[in-house]
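I have placed the structure first, in the form of structure tokens, so that the comments after it can refer back to it.
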Ligand code: HEM
């Protein structure tokens, strides 16, 4: 009994420090602080540590071993789940609404999955796999929202990222939010002001945002998301002037190399970099070939050290080598630029600590609990 109290007190203390390492006054400097301080803290009364300890005692172990098994075959599961989780939590909270499939026969119903920013998300099948395993042991007990939260944490740790506590007891949404995903997901070509605004409306401050973007330390980026930067920035027909010139050439040739490989044998292939006449047609071709979602370029890891959870993302921003415009924009604001500088200049421990804290904040955004929502039998519907 006493042990239980001690554990609770330790966790509440840890929680408060993780949620608000710099004091509530810091959070309140944001325009939307009143609402979102509430959003951030409302989970304290509802989510719990080890929520399934009685209803499905093995739940967290099952998630952990499934993720480890998937990871042993596909290391890219960590990046896939981390991105999927971010896209779920950012729109109407961590409620697994991102996992819902379109309803067959109902053309009027659009899901979050179908929204443009979500078209290249991966990891759905793996979450379904874990859910199936859990359904065999504890039918209709463990929510898809909790599975995604736990699996993401476990996958981050496997990729060399920091451990952070995941509180459970989330329930699943009964609907998806297509319009909200179209309007409110940050875009790769967003300015720093718009990105800051979108994060602030969710109670995530500059430090949270800059550390969360460190997720771009791992994974892949399709060339489609940087083509405008490489060839036609803001309709100028010129590259983004903020790109380091040597890096521009590297990115162009990496993307082109991939396109060449994909099209070897194709008769009408043209190189965008080779002649001005062929440029437009080739860029269009590059863009089209990316739309089939099979065109991924491992630029991050190709142009960095190990591609793990270290500080290479921040170091690359310092030298003008961010992949997305939105990444590089972190250097265009004094406060975010200072944070980048700070993360880049130690052994990675500051970034890892802040990333862990920010992931806890992200993971409790607008959660459904108690009798809200539902526990889905399958995550897709
Ligand atoms: C300004 C905010 C952000 C923008 C504009 C953005 C945009 C993107 C884009 C365009 C990609 C490439 C996707 C593809 O090629 O299919 C990507 C990849 C990725 N993003 Fe973000 N992102 C943002 C923030 C975040 C955050 C906060 C996280 C996680 C906490 C995250 C995690 C990832 C991961 C892990 C990948 C690699 C996915 C993979 O390899 O499967 N992103 N992001």
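Residue 1 is the first one shown; counting continues down the chain.
A Cβ is built for glycine as well, from the same backbone N, Cα and C atoms used for every other residue.
Keep in mind that TrEMBL annotations are predicted by a computer and have not been checked by a curator.
As recorded in TrEMBL, the features of this protein are as follows:
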BINDING   88, 93, 95, 97, 112  Ca(2+) 1 binding site
BINDING   186  substrate binding site
BINDING   292, 310  Ca(2+) 2 binding site
DISULFID  56-138  disulfide bond
DISULFID  89-94  disulfide bond
DISULFID  144-379  disulfide bond
DISULFID  223-255  disulfide bond
REGION    255-283  region 'Disordered'
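Close contacts with ligand 1, defined as a Cβ under 6 Å from any of its atoms, occur at 186 among the recorded positions 56, 93, 144, 186. Fewest other C-beta atoms within 10 angstroms, among the binding-site residues 88, 95, 112, 310, are seen around 310. Just so you know, the Cβ of residue 255 (disulfide bond) picks up 25 other Cβ atoms within 10 Å once every protein chain is counted. The recorded positions near residue 97 (Ca(2+) 1 binding site), taking a 10 angstroms Cα-Cα threshold over the set 138, 144, 186, 379, are 144, 379. Sequence-distant contacts of residue 93 (Ca(2+) 1 binding site), defined by Cβ-Cβ distance under 8 angstroms and a gap of at least six in the same chain, are 365, 366, 367, 368. Cβ neighbours of residue 89 (disulfide bond) (same chain, under 8 Å, six or more residues apart in sequence): 362, 363, 365.
Residue 186 (substrate binding site) falls within neither a helix nor a strand when secondary structure is assigned with DSSP, and so counts as coil. Same-chain residues with CB within 8 A of the center of the 88, 93, 95, 97, 112 CB atoms, the Ca(2+) 1 site residues themselves not counted, are 89, 91, 92, 94, 96, 98, 145, 173, 176, 177.
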